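The structure appears right after this line, and notes come after that.
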Amino acid sequence: MAGVPAPASQLTKVLAGLRHTFVVADATLPDCPLVYASEGFYAMTGYGPDEVLGHNCRFLQGEGTDPKEVQKIRDAIKKGEACSVRLLNYRKDGTPFWNLLTVTPIKTPDGRVSKFVGVQVDVTSKTEGKALADNSGVPLLVKYDHRLRDNVARTIVDDVTIAVEKAEGVEPGQASAVAAAAPLGAKGPRGTAPKSFPRVALDLATTVERIQQNFCISDPTLPDCPIVFASDAFLELTGYSREEVLGRNCRFLQGAGTDRGTVDQIRAAIKEGSELTVRILNYTKAGKAFWNMFTLAPMRDQDGHARFFVGVQVDVTAQSTSPDKAPVWNKTPEEEVAKAKMGAEAASLISSALQGMAAPTTANPWAAISGVIMRRKPHKADDKAYQALLQLQERDGKMKLMHFRRVKQLGAGDVGLVDLVQLQGSELKFAMKTLDKFEMQERNKVARVLTESAILAAVDHPFLATLYCTIQTDTHLHFVMEYCDGGELYGLLNSQPKKRLKEEHVRFYASEVLTALQYLHLLGYVYRDLKPENILLHHTGHVLLTDFDLSYSKGSTTPRIEKIGGAGAAGGSAPKSPKKSSSKSGGSSSGSALQLENYLLLAEPSARANSFVGTEEYLAPEVINAAGHGPAVDWWSLGILIFELLYGTTPFRGARRDETFENIIKSPLKFPSKPAVSEECRDLIEKLLVKDVGARLGSRTGANEIKSHPWFKGINWALLRHQQPPYVPRRASKAAGGSSTGGAAFDNY
């Protein structure tokens with residue numbers, strides 16, 4: 001303890017109010033001794049202040065601690081960087097526990113590291129632990145170490161780091177640039193601004209996690225049909241930790257009183273790939289017996305083969321007078337049928353949500369992606385880029401990476417990198433999206449990639465991104481796409497005073513986005529990830545909707561023309577369409593304008609999904625409630641988009657994800673006092689952000705219902721792409737793309 005300074009009184013005062021488990025080490029002293037430890041740290045480890053302060057944190061290590069993970073921490077400290085690892089640590093009494101440790105440096109304004117903050121989260125019951133190592137070859141459906149870093153550690157680390165920064169007299173957010181290196185899902189600087197870091201979309205793994213049911217998922221394509229996912233409720237019921245469950249067959253729940261005939265029925269159903277509901281006596285880890293109304297349901301792939309088995313457990317045990325005796329079954333037949341129905345409904349919900357997570361079982365899941373140049377589509381008939389690429393393909397047989405020269409990186413998303421590339425020997429530029437095949441398979445994102453590829457191949461619209469070709473190597477996929485000089489609408493928004501646009505400009509962008517969404521719905525697609533980051537600005541200034549990996553592609557649309565008479569789609573008044581005969585539907589001219597004014601094009605997908613996907617601030621209430629959702633989620637997101645473009649923030653954003661969700665579900669819509677917005681615009685937003693999906697504008701007749709709203713009066717829908725955009729990027733501008741361009745590309749806005 002000699003020579004180790006006591007923690008500053010201000011540090012102790014500030015940190016004492018935090019209930020998290022963490023320590024603070026002094027980076028200016030040899031061996032980085034601990035100068036502060038929270039009460040939570042003492043409680044978790046069993047050590048006292050005299051045994052902790054002045055020592056390095058390595059006293060928590062033991063025989064099972066992985067030296068490779070320890071080396072990651074040492075390397076990060078040496079470089080002054082952040083890192084996040086999962087370590088097997090030991091309490092003072094020798095009890096091992098899994099510790100999700102996140103180390104974050106605190107830097108002074110001159111860039112010198114003064115402190116290291118180490119946040120610990122006991123994830124023993126949540127992590128997969130050694131399941132991967134002990135059951136080699138068992139691919140887990142959800143990688144929990146990554147999920148815990150993103151969903152549990154991130155907010156705790158933010159709380160502690162900001163508190164230490166304040167105590168150190170450092171402007172909050174100074175450490176964040178370094179902290180972004182840690183795999184916590186937080187990218188870019190923290191701050192108080194609504195868009196201080198990119199909003200990462202929630203994926204299909206979140207769907208499974210959020211299903212509030214007692215269930216597990218097994219993979220029949222692997223020997224002995226091992227469990228690859230177990231819900232928290234399943235772990236609570238059985239008393240097992242996730243590490244003890246993953247990679248094992250479900251038979252460990254059987255015991256002395258389990259009926260062998262019932263077990264044989266389950267085995268036969270697995271062999272046949274059929275659905276089954278039975279009542280079986282199971283046992284918890286502690287040996288307590290319980291009646292389990294067990295439903296087994298196959299989740300099939302596109303070929304009809306069972307890709308996963310969902311096992312739903314419903315505890316139907318009556319209160320037993322003696323915990324030592326097996327419970328007696330005394331339910332009536334009607335009660336038993338009701339419980340069985342409950343399990344079957346839950347299994348159906350889970351299977352539906354899982355559809356998007358089933359990666360192809362073929363040896364090469366990427367075989368469906370063609371390497372040839374896409375067919376030339378009508379809206380690109382005169383595109384010089386198509387012509388140049390076709391000539392190269394005819395000359396060399398196929399497109400190769402050698403045909404392109406990398407100019408610079410445009411951005412990095414959740415599943416890949418985007419580079420600006422130039423075709424060798426020409427001035428033609430493209431955006432190349434690169435994905436690591438192995439990472440996509442490891443993270444269960446193959447289905448997402450295939451969905452995006454299929455949608456890009458199918459669409460042809462002036463307000464949607466264009467895919468020219470896909471180049472495959474042994475390790476990577478490269479999507480060669482149309483390059484947009486203006487970058488993201490997100491960048492334009494951030495470059496404006498107070499991060500907001502003029503109402504007439506918002507109307508222009510909203511009308512083009514609405515038209516793009518209408519086209520996607522016409523093809524049976526639900527977009528599901530609308531936000532400024534996914535709206536690109538073409539060199540002409542018009543929008544291009546991009547990123548379709550979270551879209552729902554299993555719906556279908558049967559377009560029909562319906563006579564509306566005197567009652568219109570919006571607000572009970574007849575839609576006011578321009579005199580052009582094609583302006584209402586965006587289609588070709590047929591018949592007189594007078595005739596078409598009395599008809600409406602209905603083209604909404606008959607789609608019903610349960611996946612929990614999208615960006616949290618833009619999620620519709622029905623997505624959060626897991627009640628199943630359809631195309632109306634896109635109209636909710638359109639309302640959020642219009643609100644954000646006008647006010648510079650989203651209406652329901654909270655400090656935490658769960659707070660945001662709570663606001664979306666329960667809080668009323670409130671408009672800021674500034675800037676002044678027209679009554680028609682506020683009315684449109686209110687009607688789009690109706691929490692009852694059945695009453696939401698657009699839920700009855702789709703996009704035309706929204707187009708007929710008074711706020712869009714005067715928009716010539718048929719000639720949108722020929723109108724002058726509010727901002728036209730300079731093609732010679734060096735600030736070529738992505739949100740990294742700042743405001744440099746928007747000087748002429």
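Residue numbering: from 1, along the chain as shown.
Here the Cβ of each residue, glycine as well, is placed from N, Cα and C on the backbone.
Note that the structure is predicted; figures quoted are calculated from it, not measured.
Now, the feature entries from Swiss-Prot:
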| type | residues | note |
| --- | --- | --- |
| DOMAIN | 7-80 | domain 'PAS 1' |
| BINDING | ASN56, CYS57, ARG58, PHE59, LEU60, GLN61, ARG74, ASN89, ASN99, GLN120 | FMN binding site |
| MOD_RES | CYS57 | S-4a-FMN cysteine |
| DOMAIN | 81-135 | domain 'PAC 1' |
| DOMAIN | 200-273 | domain 'PAS 2' |
| DOMAIN | 274-328 | domain 'PAC 2' |
| DOMAIN | 404-712 | domain 'Protein kinase' |
| BINDING | LEU410, GLY411, ALA412, GLY413, ASP414, VAL415, GLY416, LEU417, VAL418, LYS433 | ATP binding site |
| ACT_SITE | ASP529 | active site, proton acceptor |
| REGION | 563-591 | region 'Disordered' |
| DOMAIN | 713-749 | domain 'AGC-kinase C-terminal' |
| REGION | 729-749 | region 'Disordered' |
| COMPBIAS | 734-749 | compositional bias 'Low complexity' |
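Proximity of ASN56 (FMN binding site) to non-local residues of its own chain (separation of 6 or more, Cβ distance below 8 Å) is seen for ALA25, ASP31, CYS32, PRO33, LEU34, given in sequence order. A sphere of 10 angstroms centred on the C-beta of VAL418 (ATP binding site) encloses 20 other C-beta atoms. Counting only residues at least six positions away in the same chain, the Cβ atoms of VAL70 sit under 8 Å from the Cβ of ARG58 (FMN binding site).
Here ASP529 (active site, proton acceptor) is compared against the recorded positions CYS57, ARG74, ALA412, and the shortest C-alpha distance is to ALA412. Residues ASN56, CYS57, ARG58, PHE59, LEU60, GLN61, ARG74, ASN89, ASN99, GLN120, recorded as binding FMN, reach a greatest CA to CA spacing of 16 Å. Straight-line distance linking the Cα atoms of VAL418 (ATP binding site) and ASN99 (FMN binding site), rounded to a whole number, equals 35 Å. If you draw a 10 Å sphere around the CB of ASP529 (active site, proton acceptor), it holds 23 other CB atoms from the protein chains shown. Sequence-distant contacts (6 or more apart, same chain, Cβ under 8 Å) of LEU60 (FMN binding site) comprise THR45, LEU87, ASN89, TYR90, ASN99. Each residue contributes its Cα atom, and for LEU410 (ATP binding site) and ARG74 (FMN binding site) these two points are 32 Å apart. Between CYS57 (S-4a-FMN cysteine) and GLY416 (ATP binding site), the C-alpha separation comes to 36 Å. DSSP classifies LEU410 (ATP binding site) as strand under the three-state reduction. Take the CB of ALA412 (ATP binding site) and look out to 10 A: across all protein chains shown you find 13 other CB atoms.
Non-local neighbourhood of GLY416 (ATP binding site): LYS433, THR434, LEU435, ASP436, each in the same chain, at least six residues away, with C-beta under 8 Å from its C-beta. All protein chains included, LEU410 (ATP binding site) registers 23 other Cβ atoms within 10 Å of its own Cβ.
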